[in-house]
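Notes follow once the structure below has been shown.
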C-alpha cells in the first residue's frame, strides 16, 4: 500500500496512530488506534461527519479508550511497532472503496466507511451506534458537496466557509454585535447596490473610525429582524477572515486553492450569502508571487457576473492607493461614502451604546458624560474621527472608575501603609527599655489603636458600598438577558414567552433596579459608580495634556495670582506680564476663540530685558518645567529653503518621512508654549507659514496632516529697533522708545503678519532698582547651587548694591549683570573652593572690602 495514495490529513493520522501504539506498549497498530487518532486530530475531518450522523463523539471516544485498554501490552519491544493484519485488510478495503467512488486519493471518511464493514470490534461498535453504510455514504456526500477527492489537501479545503469566514448574522442573532444607531442612508444605499442584477458589490469608504464595519453589522441586524427588502431576506452575511486564509499557506498555490474553495462554496449557495471583506485593499496583491495571480484578480470574474455578493470596506487613502490603481477591479465595486457624524449624531450613537458599556464595566454612565465625550473629543482630538474617539473616552473613563472600585480606595490604602509603618516602629521600640523609648511606645500604641479603629470603620464602609454596587450590577445583567430573550422570542414568534417577559419579568427587574439605585444614591464616601463629565475631562487631559477638567479652588487661586508669580522672575515688565496672564485666564475660563491659538504675542525691546525669560517663566508656571516650552531659534531659518524644516520636507525630498521640527513638536504636545526666538533673523517666507497658525490655529505638514495649534501660546521675540534705542536712549522716555521701535517693526514685517498678532508688547529698558532685584534673584540661584555642594552662602546688602552698580548698563539690560557676578563672585569662589581656603558646611559671607566683594568665612 503506497502512503502517497492517502490524503495529507490521513497520513498525519496514521503517524499519530503509530505514536499512540508505541506510547501504550502495543505491538501492533490496530484500526482502533487509527480511529482514536482521527478523532483527536486538530481540525478532524471525521468529527463533522459524526455530528451529521447524530453520534455522541464524547461517548464514542470513551468507548474507544476502553477498547485500547483491553489490547495486550508487550514491554521491552524496543520501539518495533507493525501494522496488524486487520489494519492491512482495512487499508485494502479503503483502496477498493476509493476506486469505486472514483477518488484519486484515500481520505479519512473512507476509513470510517471501511470500518463499518469491518467484522472486528470496531465494526461491532459502529453497528451498536446505529451506523449503516447507506447513512455514512449520504453524510459523506453532504460534506463533500458532490466533489471527488482529486487532491491530497482536499480535506483541508472542505467547509471552507466555516473555516475562513465569520458569520455576522449568527453573531447578531446571539446579541453579540453592538447596536447600530443612525447611518440609515448609508445602510439603505448599501442594500440598494446589493439589489442590483450585476456589479451588486458596494464598497464602503470613509476615514478610520467613522463606523464602516458598523454599517455591515447594522445590515446583518436588519436581515435577522426582517427589516430588509424581499430580495435580501434570509441571506447570511459572512466576514472573510484574511488572517485564517493566509495563515499556514506554506506552498505556492495553497492560498489560491483556499480562496478558490471559498468562491466555489459561495457559488453553490446561489446568492444566499453576502461576503464582507473588511480592509478590502489587503486583497490586492495578497498571495501574489512571481507569475501567480493575486486574490483581487481571482475575485474579478465572480464580481462582474454578479455571482458573488460582496461588500468591501476600506479607508479613502487605501482605496486611492490600491483599488483605484486597478480600474478593472474598481469598476466592479460601487462606492458608498461614509462621512464623519456630527456631534449631535455622535451623542445619539453613544446613547445607544451606553448600556453595553455599563454592563461591561459595571458602572453607570451619565448623560452629561456622553455629551462631554462627543463635544470635548470633537474640539480637542483633531487627528481622529468621531464617533471612535468619543467612544474611546467613554470606555477609558468607565474603565478607570471600575479600577477604583476593584482596587482599594486611596484613603484606605494610605491608612494601611501608615499602620504597617507604626507597627515596624512599635517592634523596634519594644526592645528598648530607656524612659524616652517607653514614653514614645505608649504614645505610639495610642496612635496605632486610633488608626486601626479608623481603618476598620473605613473598611466596613468600603465593603458595604461594594456590596451595594454589585447588587445593582446583578439586576442590570439579568435585565439585559431578559431583553435579549424577548428579542429571541419575538423572532421565533413565541407570543406566550414574549408576554411573560414583557409584562412580568422585565417590569419586575426594572422595579428592583429602581429600588437598588435609590439605595445606592445615598451619598457614597469612598466609591464612585458613575462616569460624569469630570471623569471624561480627566481622561482627555491625560491623553492630550490639555487641561479641560474643572478647575479646583487651588488652581483658580493660582490663576488669579498669576502676575505675582511671574513678577518674581520677570522684573519691571508690568504690561507684558498682564497681557500674557489675561490670555491664559481667558483660555482656562473657556472664553477664548476656539479657532485660534490661546494667545499670540510679539515681544519687542532692547536686548537683555526679559523677553525670553518671560516665556521660560510662563512655561514653568503652566507645566512646572521650563522644558515644556517648544523653543525654535529663528536665526537657524535664514535661507528660503529652511522653511521646509519647520513643516517637513515635501514628497520626493530627503527627510520626507521625518516630519517637521515645529509640527511634530506640537503634534506630540498639543498644549504648549511655542517660543520663536529672534524672529526678525528668519527669512521673510517663514512668516507666510505663521499666518495660518496665528489666524486659524492650524498648519498642514509635509505629509498632508493638519496639526492643531489651538491650544498653544505662540510668543515671538525680536530685537528690532534696539540700535535706535541705543542711539537715543538718554533723550527718550518709554513712549518715545515705543514709537521708534514700532516704526522699525512696521517697516520690517508685513501688515498681514502684524495684524494677526494678538498683542505687540514693547519691553521697558531696565533701571537701577530693577537690576538690584534681578541681582538678588541671580545670587539666590548661586546660593542654591552652592548649598547643594555643602557651602552655605550669605550675601550682605552692600555686596548686593555693589554688584548691581557694577552690572548696570542701561543699553544692554540684565546680561552685563550676569557677567559681573561671574567675574566678581563666581571666579574667586571657585578658586577658594579648589584651594581649600573655604571649608564645607561653614557659612560663607560675601562682604565689601575696598570696593571689592570678598568671601569671608
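In case you wondered, yes, glycine gets a Cβ from its N, Cα and C as well.
Taken from Swiss-Prot, the feature ATP 1 binding site applies to 206, 207, 208, 209, 210, 211, 212, 213. Taken from Swiss-Prot, the feature ATP 2 binding site covers 605, 606, 607, 608, 609, 610, 611, 612. The coiled coil annotation in Swiss-Prot covers 391-525 and rests on similarity to another entry. Annotation comment: Swiss-Prot describes 3-146 as domain 'Clp R', evidence class sequence analysis. Residues or ranges marked as region 'Repeat 1' in Swiss-Prot: 6-71. According to Swiss-Prot, the region 'Repeat 2' annotation covers 83-146, on the basis of sequence analysis. Summarising the annotation, Swiss-Prot assigns region 'NBD1' to 159-340 and lists similarity to another entry as the type of evidence. The annotation region 'Linker' is assigned in Swiss-Prot to 341-545. Residues or ranges marked as region 'NBD2' by Swiss-Prot on the basis of similarity to another entry: 555-765. Look at Swiss-Prot and you will find 766-857 tagged as region 'C-terminal', backed by similarity to another entry.
Overlay of Swiss-Prot annotations on the structure.
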| residue | record | Cβ within 10 Å |
| --- | --- | --- |
| 206 | ATP 1 binding site | 21 |
| 210 | ATP 1 binding site | 22 |
| 212 | ATP 1 binding site | 24 |
| 213 | ATP 1 binding site | 15 |
| 605 | ATP 2 binding site | 27 |
| 606 | ATP 2 binding site | 25 |
| 607 | ATP 2 binding site | 15 |
| 609 | ATP 2 binding site | 27 |
| 611 | ATP 2 binding site | 28 |
| 612 | ATP 2 binding site | 17 |
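For residue 207 (ATP 1 binding site), the same-chain residues lying six or more positions away in sequence with a CB closer than 8 A to its CB are 315, 316, 340, 385. Confidence over the coiled coil (391-525), given as mean pLDDT on the 0 to 100 scale, stands at 78. All protein chains shown were included, and the count of other CB atoms within 10 Å of the CB of residue 209 (ATP 1 binding site) stands at 17. Residue 609 (ATP 2 binding site) sits 57 Å from residue 212 (ATP 1 binding site), counting Cα to Cα. Closest to residue 211 (ATP 1 binding site) in space, going by CA atoms and restricting to the binding-site residues 605, 608, 610, is 610. For the pair residue 206 (ATP 1 binding site) and residue 612 (ATP 2 binding site), the Cα-Cα distance reads 45 Å. For residue 608 (ATP 2 binding site), the same-chain residues 6+ apart in sequence whose C-beta sits under 8 angstroms from its C-beta are 766, 812, 813, 814, 815, 816. When the alpha carbons of residue 612 (ATP 2 binding site) and residue 209 (ATP 1 binding site) are compared, the span between them is 42 angstrom.
Closest by Cα distance to residue 213 (ATP 1 binding site), from the binding-site residues 605, 606, 607, 610, 611, is 611. Surrounding the centroid of the Cβ atoms of 206, 207, 208, 209, 210, 211, 212, 213, where the record places ATP 1, the chain contributes additional residues within 8 Å, namely 315, 338, 385, 388. The record gives 605, 606, 607, 608, 609, 610, 611, 612 for ATP 2. Within 8 Å of the mean position of their Cβ atoms, the other Cβ atoms in that chain belong to 603, 613, 717, 719, 763, 813, 814. For the region 'Repeat 2' (83-146), residue counts in helix, strand and coil come to 46 helix, 2 strand, 16 coil, using DSSP.
Sorting each residue of the region 'C-terminal' (766-857) by its DSSP state yields 52 helix, 16 strand, 24 coil. If you take the Cα of residue 212 (ATP 1 binding site) and the Cα of residue 611 (ATP 2 binding site), they are about 51 angstrom apart, rounded to a whole number. Sequence-distant contacts (6 or more apart, same chain, Cβ under 8 Å) of residue 610 (ATP 2 binding site) comprise 570, 571, 572, 573, 576, 763, 813, 814.
When the binding-site residues 605, 606, 607, 611 are ranked by how far their Cα is from the Cα of residue 209 (ATP 1 binding site), 611 comes first.
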